[in-house]
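Pulled from TrEMBL, these are the features on record:
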ACT_SITE  GLU262  active site, proton donor
DOMAIN    30-87  domain 'Beta-hexosaminidase bacterial type N-terminal'
DOMAIN    90-264  domain 'Glycoside hydrolase family 20 catalytic'
DOMAIN    271-409  domain 'Glycoside hydrolase family 20 catalytic'
Amino acid sequence: MNLLPRPVSYVDGGRLCEYRGWETVLVDGPPGGYRLISSDDGVLIEAHDAEGEMNALQTLRQLLGPQAFRAAGEKPSVIPACEVVDHPRFAWRGVMLDVARHFLPKREVLRYVELLSAHKLNVLHLHLTDDQGWRFECKRYPKLTEVGSWREDSRFGDRRSGGMTGRPHGGFYPQEDLREIVEYARARHITVVPEIDVPGHSQAAIAAYPELGVHGGGVWTDWGINERVLNTEESTVDFYRNVFDELMDVFPAEFIGLGGDEAPGHDGEIVRAIAKHLVRNGRRPYGWDEVLDSGPLPAGTVVASWRGVEGGVTALREGHDVVMCPEEFVYLDYRQSDSPGEPIPVGTVTTLEDVYAWEPVPAEVTGDEPGRLLGAQANIWTEHLDSARRVDYAAFPRLAAFAEVVWSPAEKDPGFVERLREHHLPRLDALGVEYRPLTGPHPWQLLPGVPGFPR
Ligand code: ACM
């Protein structure tokens with residue numbers, strides 16, 4: 001019997017024992033790590049900390065078989081006799097969900113927290129604002145959601161050739177919902193890192209409060225890079241300091257995202273001002289790699305390297321901590337095969353095997369850099385994923401490959417896909433995840449006639 005993710009060491013006794021529950025004791029060891037021993041005497045978990053116990057319990061669930069992933073039904077009664085010794089390779093094992101381009105209802109975000117936990121992922125980065133929608137209830141500025149949380153129409157497919165849906169789209173999270181998500185995640189040792197994107201990707205805010213922008217305009221109904229960014233007035237910086245104050249009140253995370261990406265013609269002043277404001281409040285700014293061009297950033301800033309790995313390598317050399325998420329490997333909205341039949345095929349081909357083959361530590365990194373490589377995250381942008389069903393299709397099974405990459409030692413397992421097919425897809429089936437089959441999409445997962453833009 002194999003596991004997923006692959007443990008540091010695993011000994012299978014080759015026989016089954018009766019399962020009667022488990023017992024946990026705390027022992028010293030690497031963070032998030034554990035030893036699990038199952039025998040005729042029962043299951044003993046030696047956890048290194050509370051997160052280690054959670055990780056061990058997820059492994060226990062894997063050992064008990066797909067039935068253990070169902071919400072109800074007969075309880076598994078046997079478990080293989082085995083010993084598993086395991087700990088994570090990286091501290092930051094993240095997923096970014098873009099809930100701005102298409103709103104994901106709270107129940108679906110909670111379901112994703114469960115799915116992250118099942119894959120021993122521990123950071124949920126919520127991209128809460130963009131040109132196409134503002135999803136964070138801000139009590140001081142109610143028009144951000146009254147006006148900014150919905151748009152009249154949406155592009156359907158790529159902007160170069162797609163039509164429009166002809167339907168409004170919207171939604172936002174009341175602060176009480178966000179606190180609930182944070183608490184639900186915390187109980188599973190998952191940190192929710194919120195992001196409010198400045199100074200680009202801000203058209204929804206500008207639609208609500210036109211004085212924030214250089215040009216006016218409504219909540220954007222198209223996709224792509226928008227020229228209409230925030231202005232550099234001190235009143236705009238003050239506005240955002242107040243918004244980030246509310247964000248910090250709702251999200252206790254050490255890391256707070258401020259975006260910083262794709263802001264044509266902007267000089268970075270607001271990024272620096274917000275970064276300083278976050279640090280003054282005891283938090284660490286978290287921005288896309290364009291923030292490196294914003295001028296000197298406060299100590300503690302964390303950089304997400306998405307335009308390849310170069311930004312991450314530079315940031316490490318400049319003393320910043322880094323999360324790797326190069327679009328070529330871990331943008332899970334990108335097409336999963338080169339078949340023209342992939343539903344809305346955008347980006348480069350990023351197969352399951354490509355994600356699994358990825359090594360998060362670039363060859364240029366020696367380990368002597370003053371910054372630390374905290375880990376990696378997979379990014380799920382949702383311009384072309386308008387429902388949880390579409391998000392499932394894009395995320396899985398590639399997210400399982402990503403989970404193994406950030407958990408396991410760097411050496412790759414040639415048996416990964418077989419292990420996934422035999423052991424893990426049945427678990428996803430039991431969970432009700434609508435993943436892309438290894439042989440290609442189900443007929444009902446196709447979107448014929450909706451244009452993409454393959455690169
Ligand atoms: C990004 O993909 N604009 C971070």
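Cβ atoms are placed via backbone N, Cα and C, with glycine included.
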In the domain 'Glycoside hydrolase family 20 catalytic' (271-409), how many residues does DSSP assign to helix, to strand and to coil? 51 helix, 24 strand, 64 coil
Work out, from DSSP, the number of helix, strand and coil residues along the domain 'Beta-hexosaminidase bacterial type N-terminal' (30-87). 19 helix, 21 strand, 18 coil
Packing count at the residue listed as 'active site, proton donor' (other Cβ atoms within 10 Å of its Cβ): 17
